[in-house]
Amino acid sequence: MTRRKMHYYRFNGDAENVIEAGKPLYSQIRGNWNESFFNNPNPIILELACGKGEYSIGLGKVFSDKNFIGMDIKGDRIARGSAVASEMGLSNVGFLRAGIRYAREFFEQHELSEIWLVHPDPQVRDRDENKRLTNPDFLNMYADFIRPGGMFHLKTDSDFLYDYSLDMLGKSGRFCVVEHTADLYQSHLVGEHHGVQTHYEHIFTKKGYSIKYIKAKLL
Ligand SMILES: C[S@@+](CC[C@H](N)C(=O)[O-])C[C@H]1O[C@@H](n2cnc3c(N)ncnc32)[C@H](O)[C@@H]1O
């Protein structure tokens, strides 16, 4: 392990706003986020594949009456988000380091009011569909976590993932797509992203890609 990675691993171990393997809450947090982590009854929004957590931090600043969890498998990225959230005093933002396929271990049915999936890897090869974070199995799991009437949001730079996700959401029987655009910045939905640009969004907009956005409601 590089010294840089070691630094981030130690950082997460000490960070109160990070839940990861080895910490007591890791095995106890399911169904207990409000009482045991945020210490308030406010709605919880989960950002999947959060990277450095720009979305959770950005939304956490705008909505102090909501709680945000950034979830990612990469400890170094989470450590950076954790440090920024702490520096900003955002007690409504936390991080979970775990693989998304294990999310049922951390969230109970209807525990979340919204899920955001922001610039996930599109996994374009057919043989990687099992890793694609909007495949039918993942969508079904997200639907279990979201409260009735709650929302699922996807932002992506990938035309492939946008078309695939629209198709899968439409066929899911669990979600209804309420808004979508292939060019968020030129659409009336631009306010929906609250001016928050993540690391990957910045890279892809600079390269000239349009940002695609889908908002789907739980049926
Ligand atoms: C392309 S990056 C996007 C990061 C961030 N959302 C952004 O927009 O800058 C994709 C992120 O998804 C995470 N990721 C991919 N598959 C995952 C999985 N199955 N479980 C947890 N994290 C995952 C990666 O670690 C990486 O940080």
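Positions of Cβ are set from backbone N, Cα and C atoms, glycine also.
On its own chain, Asp72 (S-adenosyl-L-methionine binding site) has Ala49, Cys50, Gly51, Gly53, Ile78, Phe95, Arg97 as residues at least 6 apart in sequence with a Cβ closer than 8 Å to its own Cβ. Annotation source TrEMBL lists S-adenosyl-L-methionine binding site at Glu47, Asp72, Asp121.
The substrate binding site annotation in TrEMBL covers Asp157, Thr198, His199, Tyr200, Glu201. DSSP gives Glu201 (substrate binding site) a helix state. Same-chain residues at least 6 positions away in sequence with a Cβ under 8 Å from that of Glu201 (substrate binding site) are, in sequence order, Val118, His119, Lys155, Asp157, Ile211.
Apart from the site residues Asp157, Thr198, His199, Tyr200, Glu201, the chain places the Cβ of Gly51, Val118, His119, Gln197, His202, Ile203, Phe204, Thr205 no farther than 8 Å from the centroid of the site's Cβ atoms, the recorded substrate location. Thr198 (substrate binding site): 22 other CB atoms within 10 A of its CB, across all protein chains. Excluding Glu47, Asp72, Asp121 themselves, the residues of that chain whose CB lies within 8 A of the CB mean position for the S-adenosyl-L-methionine site are, in sequence, Leu48, Ala49, Cys50, Gly51, Gly70, Met71, Ile100, Leu117, Val118, His119, Pro120, Leu133. Looking at Glu47, Asp121, Asp157, the binding-site residues in this record, the fewest other C-beta atoms within 10 angstroms of the C-beta turn up around Asp121.
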